[in-house]
Number of protein chains: 2
Amino acid sequence: MENRVERIKKQLHEQSYKLTPQREATVQVLLENEEDHLSAEDVYLLVKEKAPEIGLATVYRTLELLNELEVVDKINFGDGVSRYDLRKEGASHSHHHLVCIECGAVDEIQEDLLAEVEKIVEKDYQFKVKDHRLTFHGVCHRCQAKVKKNEESAEAASLHTN
Amino acid sequence: MENRVERIKKQLHEQSYKLTPQREATVQVLLENEEDHLSAEDVYLLVKEKAPEIGLATVYRTLELLNELEVVDKINFGDGVSRYDLRKEGASHSHHHLVCIECGAVDEIQEDLLAEVEKIVEKDYQFKVKDHRLTFHGVCHRCQAKVKKNEESAEAASLHTN
DNA sequence: TATAAAAACGATAACCATTCTCATTTTAAA
DNA sequence: TTTAAAATGAGAATGGTTATCGTTTTTATA
């Protein structure tokens, strides 16, 4: 995975952006937390561990830059903060999420589920699709188990008190 | 459509929320602009025409209340403001949008396109789906026409100058 | 109809994620 | 090494949204 950083650095260089320690540290943090849907604040705190002198504004600027370079995707789950996901390398963007309304866990699902829907949209609505976001809100399997368990113990307690 | 307001009023009453002129005016505005994906500010300005004494905070409170009552859906296109859509009555939620990256126009698409995808998610990911959001970002048919036109005139201009 | 408690209101201050400003530092190429 | 352009950090500014608080309105009851 070391090459991943190198390739991103190369990409910066090719587009004549400067290579700074702050940018490198930010990319490192994103790589080390690839599954975590970090907010700018999250990234800031993590980068600060490596490079304590970094400013929050720089983190925002770097994330914005990486978004423009299509290295990260800026996503929004409606909770008031933007989150930044590293794109799967080479592959398509990753905009399909399962957000658990119980515990807040965010899972990802396979990318090709929408191919058919996209075709219909392009044809029926004469709409040239460039990108898409699909988010399901619901209850993840862990919380389904938890809820079931709680219901059972509540039932047991009710038996005791009656 | 007059009954629509009455039913929402009834719903408020049943859940022992008070019926105020501000709430009624807000619902009226939402009904009269059903296709427009209004922001809170938009609603505020429109309600002010009917009831100039209303405050912005009340509009926010009312929209939040209507969202909890599932009369409106609070949606987010990633442009920094929440928008509020009246739900199609009785029917399911309306969370499928086409957002044009050229002109910002927002169109809606039919609701049943995701039924199959939802089934797969519930089965393969053991995820109980409660709600979903699907947004395509791309170029609407009007802007496709516009872009084509611009390219043609640019070509013509280039011919002249050569 | 009068009354009183709870709910809702308007104005505006507070909040907070994000962006902007600006003086200083760093980068990269000659 | 020099230099101009780019990037940085600190913190002020912005803007959408929420909280506060004293006043007004609603609704249930007498």
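Placed from the backbone N, Cα and C atoms, the Cβ positions cover glycine too.
In the three-state DSSP assignment, the secondary structure recorded for B:Cys143 (Zn(2+) binding site) is helix. The annotation Zn(2+) binding site is assigned in TrEMBL to B:Cys100, B:Cys103, B:Cys140, B:Cys143.
Annotation comment: TrEMBL describes B:His132 as Fe cation binding site. There are 19 other CB atoms within 10 A of the CB of B:His132 (Fe cation binding site), with all protein chains counted. Secondary structure from DSSP puts B:His132 (Fe cation binding site) in a beta strand.
Across the structure, B:Cys143 (Zn(2+) binding site) and B:His132 (Fe cation binding site) are spaced 28 Å apart at their Cα atoms. For the pair formed by B:Cys103 (Zn(2+) binding site) and B:His132 (Fe cation binding site), distance between Cα atoms is given as 25 Å, rounded to the nearest Å. The Cβ of B:Cys103 has fewer other Cβ atoms within 10 Å than any other of the binding-site residues B:Cys100, B:Cys103, B:Cys140, B:Cys143.
Residue pair B:Cys100 (Zn(2+) binding site) / B:His132 (Fe cation binding site) shows a Cα separation of 20 Å.
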